[in-house]
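What Swiss-Prot annotates here:
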- 254-261, Asp293, 312-313, 329-334: ATP binding site (BINDING)
- 138-368: domain 'Histidine kinase' (DOMAIN)
- Tyr157: site 'Interaction with the other subunit in the homodimer' (SITE)
- Arg161: site 'Interaction with the other subunit in the homodimer' (SITE)
- Trp395: site 'Interaction with the other subunit in the homodimer' (SITE)
Amino acid sequence: MKAARFAMHSARSLSSVGLVPREVELFSRYSPSPLSMKQLLDFGSDNACERTSFSFLRQELPVRLANILKEIDVLPDRLTNTSSVQLVKSWYIQSLMELVEFHEKSPEDQKNLSDFVDTLIKVRNRHHNVVPTMAQGILEYKDTCTVDPVTNQSLQYFLDRFYMNRISTRMLMNQHILIFSDSQTGNPSHIGSIDPKCDVVAVIQDAFESSKMLCDQYYLTSPELKLTQVNGKFPGQPIHIVYVPSHLHHMLFELFKNAMRATVERQESWPSLTPVEVIVVLGKEDLTIKISDRGGGVPLRITDRLFSYMYSTAPTPVMDNSRNAPLAGFGYGLPISRLYAKYFQGDLNLYSLSGYGTDAIIYLKALSSESVEKLPVFNKSAFKHYQMSSEADDWCIPSREPRNLSKEKMAM
């Protein structure tokens, strides 16, 4: 316990004065090693070897943490000096230092393996509030200084990479904990958090019902679901893929919430609500899910903002010291959902018809061998993204009143 308190104090002290341990410099020189869904399954198969997973993670997790710590250091000083970002940085440094302690420990010793699982659980719990805490840091920064378009673009670039890094480290830790922990709490048909035969339609229906319950509570009404499935790969059979059900549920739940809200608010005076229509199609390479509503859509000028962090129609939340910090109001629903889709080489896009409705489309890889982690790496190319300077726009900006060329000719 004393060692843990000392590590936490040291991490905060180093972070507060802008210093990082030499271990961060060391591990940031390595690039992360992306895993495919198939490789993750192999780690958790019947022949899974805890020692192999231990040996991989004690190297890989510090590499991923160190890479993103280096990226935090190139952010504007006023941002990195906020109390929230300092706190996040101290968590990452402490976690890295705790994981590095296992580098010299033998994987043949069962106690080391058990201690490693305990450490992963501790790290995962420590990072529980990373998303809202970093979001609070961005808000603190924006409250103290004006953010120009170039800086805003850099923040968007950083947050995409920071949260993708978090998704990936959490995925690796969860896999090891669920498979090798003494307390088996996962679904017995899953390998860790991965379902080898994920029933896509079942996840869609579950996410819809969860959203419907919220909609009923708030609006006292909700639209129905109209679902169509097309299995172009194996006609007539149910649609199954290798995937992480919790990731898919997260994406669908967010999209259904938006679709239901738009539908109810747009059609409150209509005799009945139009259904939210979903079509799910399995092809040879991709699984595609399209969610369509008639909620009125949004103008083109707003569409791009929907995937921008900090854009939200909900009131800005207030952080407290509880472990249940809110995310609603930070504007993170859609951008985080898109990251979940992109994590295994998929995507999430919105197509809106202003005055009619919106189509939201999720693309996922149909083959587990092609579902490979999409990971940020801090290198010269990434560094350049943060060194961009604000330059004059090279496109004409229309004036409110067109120039009167006839008067200019007379003046000449």
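In case you wondered, yes, glycine gets a Cβ from its N, Cα and C as well.
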Distant-in-sequence Cβ neighbours of Trp395 (site 'Interaction with the other subunit in the homodimer'), under 8 Å, six or more positions away: none
Set of same-chain residues at least 6 away whose C-beta sits under 8 angstroms from Tyr157 (site 'Interaction with the other subunit in the homodimer'): His385, Tyr386
Met260 (ATP binding site), number of other Cβ atoms within 10 Å: 25
Neighbouring C-beta atoms (10 Å sphere around the C-beta of Gly333 (ATP binding site)): 21
Spatial separation of Arg161 (site 'Interaction with the other subunit in the homodimer') from Gly333 (ATP binding site) - C-alpha basis, Å: 16
Overall pLDDT of the domain 'Histidine kinase' (138-368), taken as the mean: 91
Closest of Glu254, Lys257, Met260 to Arg161 (site 'Interaction with the other subunit in the homodimer'), Cα positions, binding-site residues only: Glu254
Assigned conformation of Trp395 (site 'Interaction with the other subunit in the homodimer') - DSSP reduced to three states: coil
Spatial neighbours of Lys257 (ATP binding site) that are distant in sequence (at least 6 apart) but have CB under 8 A: Ser211, Leu214, Cys215, Gly333
